[in-house]
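Here is the structure we will look at.
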Amino acid sequence: MDGDRVEIDGGIMEGGGQILRVSTALSCLLGLPLRVRRIRAGRSQPGLRPQHLSGLEIIRDLCEGKLEGGEIGSTEITFTPGKIRGGTHIADTKTAGYSVCLYMLVFQVFKPIVEKFNFTFNCDIKKRGYYPQGGGEVIVQMSPVKELRPVNLTERGTVTKIYGRAFVAGALPIKLAKDMSAAAVRCIRKEIRDLYINIQPVREPDDQAFGTGSGIIIVAETSTGCLLAGSSLGKRGKNSDKVGIEAAEILLRNLKHGGTVDDSLQDQLIIFMALAKGVSRVKSGPITLHTQTAIHFAEQLTKAKFTVKKSEEEDPSKDTYIIECEGMGMINPNL
């Protein structure tokens, strides 16, 4: 079996947990045994952190696989997938492994766009957890599909509305959320004057939040159904106006390049493009290192073919690209 193992270098390119997530997810789906070396080699604390380990454990459980080297700090694992099965799986990182803004982006931006590939999933947020303790709880339900269809996300259209939420939880006053919201609106108004902007200040109910935290997420929706976002988290000593302005500036930067996806969603679509049947095309802004990394490992494991080229029809001063992929056309053997 060892001779057939795919060797993955976890220290190249982005060099972080993303390589582990992409390669083990594809290993599980395609039944490919893996060895991942030099895990997170470029990080200040190399090797597996709690959130990476719990991610590996849930993939192992999903396919009744075998994981060796699965402990905190480990810089090498071998993973042998088994047969994928349904059921209920629980992952507990026991730390604030991923930011609450990241999860909200998933629900507000990732979900509606990724469902264009022909599958649906439900997310139910039971509780939001805040750094450093974590303690959030999310239930995700998903039904299997036979195959993924390709997507064509090349028409941006015009921005029709901008909305979002500025939130506080725990010991923080609602005034902070109002300040973040107002600062974000002022910042966006300098660039976009004639559009209704609705950023709700919210205090998370105590029974639905664990710990103390704050942040803001702002989403722009376009006439063709594209969703682009900007977000920022508050922290001790960081002015709330600054948090709002940071999120607004990220959103404006994502709108400026004329692509149909923001720089957070860009790399998350790669794995689905690689698995889909047919040619997918996505127009984006500058290609991030995360996207280059996802393409590298998706090509290595699925044999899908990607091309990235400068978008011809755009104004030449805009940094816009077309990511194209001839997917492998994976069929779910269990259906």
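A Cβ is built for glycine as well, from the same backbone N, Cα and C atoms used for every other residue.
So that you can see what the record holds, here are the features copied from TrEMBL:
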type: ACT_SITE; residues: His290; note: active site, tele-AMP-histidine intermediate
type: DOMAIN; residues: 13-104; note: domain 'RNA 3'-terminal phosphate cyclase'
type: DOMAIN; residues: 108-308; note: domain 'RNA 3'-terminal phosphate cyclase'
type: DOMAIN; residues: 154-255; note: domain 'RNA 3'-terminal phosphate cyclase insert'
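For the domain 'RNA 3'-terminal phosphate cyclase' (13-104), the DSSP counts in helix, strand and coil order read 32 helix, 11 strand, 49 coil. Look at the domain 'RNA 3'-terminal phosphate cyclase insert' (154-255): DSSP puts its residues at 37 helix, 37 strand, 28 coil. The C-beta environment of His290 (active site, tele-AMP-histidine intermediate), restricted to residues of the same chain at least 6 apart in sequence and closer than 8 Å, consists of Glu14, Gln18, Gln266, Asp267.
Restricting the average to the domain 'RNA 3'-terminal phosphate cyclase insert' (154-255) gives a pLDDT of 94.
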